[in-house]
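S.K.: Got these off TrEMBL a minute ago, pasting:
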DOMAIN    1-128  domain 'Protein kinase'
REPEAT    231-263  repeat 'ANK'
REPEAT    264-296  repeat 'ANK'
REPEAT    297-329  repeat 'ANK'
REPEAT    363-395  repeat 'ANK'
REPEAT    396-428  repeat 'ANK'
REPEAT    429-461  repeat 'ANK'
REPEAT    462-494  repeat 'ANK'
DOMAIN    534-789  domain 'Roc'
DOMAIN    1158-1228  domain 'Death'
Amino acid sequence: MLKQRGDSQIKIIDFGLSREIEPGAVVKDMVGTPEFVAPEVVNYEALSPATDMWAVGVVTYILLSGGSPFLGDNRDETFSNITRVRYHFSDRYFKNTSKHAKDFIYRLFVRDVDQRATVEECLQHPWIRGPEGNAIDIRKASCITISHIQSFKTRQRWKRCVELVMVLLKASKSSRRIGDGRFDEEDMVASCTLICAEEGNLRALHKLSALHKLLPNATRKSLKSSFSEPNGATAMHCAAKYGHAEVFNYFHMKGGNICARDDNGDTPLHVACRFAQHTVAGYVANEKIDVDSINKTGETALHCAVESADTRVVRLLLQLRPRLDLPNASGDTVLHLAADSINPRIVPLLVCLAPPLHLRNIREETPLHVAAARGHVDCVQALLDANSPIDAVEQDGKTALIIALENGNVDIASILITNGCDINHADHHGDTALHIASKHGLLQAVQTLCHCAVTVDSVNANKKTALHLAAHYGHVDIIRVLLLARADVTLRGDDGLTAELVAVAAERLEAHSLLKMVKSQEIREEYISQLYPLDTSLRRIKLKLLGHSQSGKTRLVQTLHSSRGISSFLESVTRRISDHYSPSSSMKDDGIHSTNGSFVSESNNNSSFDLAAAAGSKYAPPHSQYTRGIDVQTVNINGCGEFSVWEFGGYEPMHTCYDHFVGNADCIHLILYRTSDPTEVQYKQILYWMNFLKGRVTPFEPIGHCGFSSRRSKVIIVGTHATSSLFPQMNQEGEYVSSDIEAMLNTVRLRFETHFDMDHRLILLDATNPSCIGMKTLKMELAKCRTNILAKLLKPLAILDTVVNHLNLVRKKHANFPVITWPDFIQLVRNEINPLTGDAHCRQIVQQLQLIGELVYLRNDLCDADYVVLNAEWFGTHILGQLLSAEFLSKASPNGSYHTSSLAKIFPEIPEQSDLMTILEVLQLCAPDARTGAHEFPVFIQTEAPDSIWRPYSLKEKERDTVYGGVRILPMRGMERSLHSTFPRIQVALRRSINDYQPAKDTQLHQWSECSKLVSQDREAVIRMVGDAVEIRARGPSESATSMFYFMEDLINLVEHAAAEVGPGISLERHFISPKHLKEHREHPALFPPESMMEMQQRESLSVKGTQDEEELFTDVVCFGSRDVARHLTLGIDVGVADLQMASRCELACLLDPPHAMGRDWSILAVKLQLTDQVPDVDSTGQSLSRTDQLLNEWAIHHPEQASVGNLCRILVELGRCDARDALYRTVPLYVFAPLEDQFLLETNDSGVVSSCHSSSEHNPINI
């Protein structure tokens, strides 16, 4: 425009698009409007003043003609015209234009910037400068066509309108396509603005703003569909709802009203909080608006935020200190809404600001009522901690306790009861908490209320007690609890019916039968008294004898018997040789009898088993009179008390099932060894049984000082066959002494004292001499241990003796197969002994029966029905002792395959052989073979694996590229031979896994003695015992490397899981085998121990060095060369300290808890971990808890990001404790595998192995 009216000088504005270039600077940029840019702009070349001169030429052309010189149909065509300098002077527009004007333009439209006219040249051009002297001014003969200029302006306006319409149509394309009614043709700009706000289309808004003034405060006039915003919603509301923070900010900058309200009274902050858009909410909050502004329903922004259940938005608003007492239209404060929220973390946030807890909504509910109904324990606890009124009542007179029970929230009810609520309060209908719990069948709540001495006979408005309601709804277990609480069965309701008659009217037959049985007050009191504990201890505990064959176990039991007298011995023998069971006729010649291993078997059972015939067999026993299975008998030892003596046969094949019978700490373990054997043999035998026990005892939390277990089993080591000729020296008490044995036992004690409570006295005895000093010492120790163990056990229920006596009758009834299911046992106790016995009583009864050795409880993981073996002697000797005897194994099927009908020849007295087979499956001695229909007993398999089981590929097969992998799974150092008895169980798990795998036609499992081979499509694996290790080798095509990793990982997990079931205390190590050596089929391939693997990770190396000093890539050793797998592995050094297994923690506690001479113990570790502030609290626990373990827990809590295995190992090295680092290396997982993405799973769905067995590692819920 002109600088001044009438002046020839003009004012130019760049609209912010121009750019100033310093002299000498080389600038390349895309600046300018497409029609006016020079070729160097299009070609992204250096800009110069000549670039502006080109634009002068374009402006001149437009001013003279009203047309654009290079304008094409689109942007690309325009740029093409510019770069080619393609233009012309149309006669239509330049008819009256002088040649000087055309020449002026021509000199400016030059492609070469060096040839383009400069400013000075333009000023000197005749068309600008004018004629010299008296020359005729030819410019006067030319003229500018004003109509063309006006036409140009009209075209520009039309073009602008077209662009605007195109922008509007494009922005509203999605809305118009689905026809949701958001696009209003009568108000296109406003509706398009709202659509862009909803969709976050900031680019369209920029274009729209360039063509038309934005209307950020425009509203949609009416609701046209369900997709539309509320009436009166502005673009700010729309952007807030969908969380488009940049769009929201853009509208605000364009003059949008941040406090605008829609027809519901919601501001954009209300909307952002309601839809959990924390970014927009934070933007609005920073504008310092009124956070307590309410809408038409009385809601503040905080109400909306709490309803959205978004913790971030709530935290953001709480920083602004909003009011917490404002109610909405329903009278709910934000605390009411938080108590009803799906997010339980909001209530603790609000409680920290001390909100009013007594305020009620229109239903007279406090926040505690709402939280009790909702069911979030954390919310209820937070409100109670803030002193919320616990007994406040709502409009129906209900307390929070009653409301919690009405909604089935038993855990909340327990918290309320614990915090002292009124348990006898009745609502307006007279119903107490006990009424509600009895009506809804909430057994745990009823038990808790009765335990807290609730008024059990309280009546409601209909004069009904809780017993009436339980009878009406048939809740028999609750009826038992109420009767135990001495509920009155004679009370009548307003209909005149007692609880018994109510059950009849409601056709609740079981409830009626129970109430009928306890109608008599005297009988009812007798039943109740039976279910209370006595003041006395259990009558006996178990004494378990372990040792190798010929260690003197049987002779010691005989001596313990004879020490009390012949009458006791004859009584025991009579009981044990009763007619409850008899062996099959086919086995009588082999001398198999239920009493084998007892005194009778040794005295009467001649050596009918041909030892010479079995001499070459691996099943040959050391002598013919060995103990078969587990010999169980009750012995009352003079001066010690009564014991249930369990003698575990030393014959090795029987060890595979002993884990079902050991592992409980509430008994005494005797480990026997022959003092006449060489010291090395004695030491190895003791170590074997100590490791056997250690592996089968589940470690318990917490970890004590120096890694001591919180529940140590009692172990007494006894040397037998001691004579004066072997031990000529005695102490003052007349006991044999031996410095060699004493030193050996001290070594054993130091090695196992963290897991076992071991006596420090040397016990050497002659089992054939009941009066020897060693025998007296043993009895004194047994008496002391028995007293200590009984003092820790629960007192027996009064019903226990009755159950024990009744079991004798039940055993006769089930003489041929004394096994019943757990539900049947419960019904037996209720129907034949005490109908008021609840499930909890039955569990306590069966646990105490196991503790005294009366029965065996078997957990059945194959289905939901567990089993109770009523006769432990029958189970241990007649079943297990016969099946696992040398006589039977020498004649068993070589492939271990037996049909159910085959058992009839072995145990003809058992009516249903399938029942016995099920029990053997529960013991994991066998598994069904889906291909043959028979059951496979791996422990029976005698066939050796062929030599060609892992042969090299043939020349033809070698043509394909194959990947190899392998691993040896070893028990932790010092627990050698722990996996030998486990391998048959691993084979059972393999067979079960194959049965669970559906496409069995592509998968084959072949099993031999201590060896299995699995073939799945083109992959194969061999699992076998190699020394003390279970070795797994696998191979397959290289293109299936990812699948091979899955294949191997499934097998490793199966082996480790099966081993953990048998020995939960056995810590396992993975020693990977060199894939290179496996491919070369070397006889002794190199191994990669855990220390090497972890050290490689610490060095951040890609290769690991094996035992033969050769390096291989980690991905080849572990991942079969698959980089896809390697990317999804979490290395062992990155495992969090919080995830350390108990074995690792115990090792560290054992090494770092004791004071170190150089101070390199837990205290300096605390300094290294930056936990000096926690040291006083840790040290205050004394020696009850491991200080090292507590420090690691604190480290994981306070520094979770730094608390990794790798950092801990680095700190241990700095501390000078490489021994602790090495222990950690051996016990932490070498890697943690995260499942691959779906694209990698495609080739691994049919690995052929299920990674977990049927059974759980917690195979004995009630340990025996």
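Note that Cβ sites are derived from N, Cα and C of the backbone, with glycine treated the same way.
Where the annotation comes from TrEMBL, it is an automatic prediction and has not been curated.
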S.K.: Which residue counts does DSSP give the domain 'Death' (1158-1228) for helix, strand and coil?
M.R.: 47 helix, 1 strand, 23 coil
S.K.: Would you mind listing the long-range same-chain contacts of the repeat 'ANK' (297-329), meaning Cβ under 8 Å and 6+ residues beyond its ends?
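M.R.: Same-chain contacts beyond the flanks: 264-267, 269-278, 281-282, 285, 291, 335, 337-338, 341-343, 345-346, 349-350, 353, 355-356, 359, 361.
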S.K.: Do you know the DSSP helix, strand and coil residue counts for the repeat 'ANK' (429-461)?
M.R.: 16 helix, 0 strand, 17 coil
S.K.: Residue list, the repeat 'ANK' (429-461) vs rest of chain: Cβ under 8 Å, 6 or more residues beyond ends.
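M.R.: Long-range Cβ neighbours of the repeat 'ANK' (429-461): 396-397, 399, 401-402, 405-406, 408, 410, 413-414, 417, 423, 467, 469-470, 473, 475, 477-478, 481-482, 484-488, 491, 493, 840.
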S.K.: Under 8 Å between C-beta atoms and at least six residues away from its ends: which parts of the chain pack against the repeat 'ANK' (264-296)?
M.R.: 230, 232-234, 236-237, 239-245, 248-249, 258, 302, 304-305, 307-310, 312-313, 316-317, 319-320, 322-323, 326
S.K.: When secondary structure is assigned with DSSP, how many helix, strand and coil residues does the repeat 'ANK' (297-329) contain?
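M.R.: Per-class counts: 16 helix, 0 strand, 17 coil.
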S.K.: For the repeat 'ANK' (396-428), provide the mean pLDDT of the predicted model.
M.R.: 96
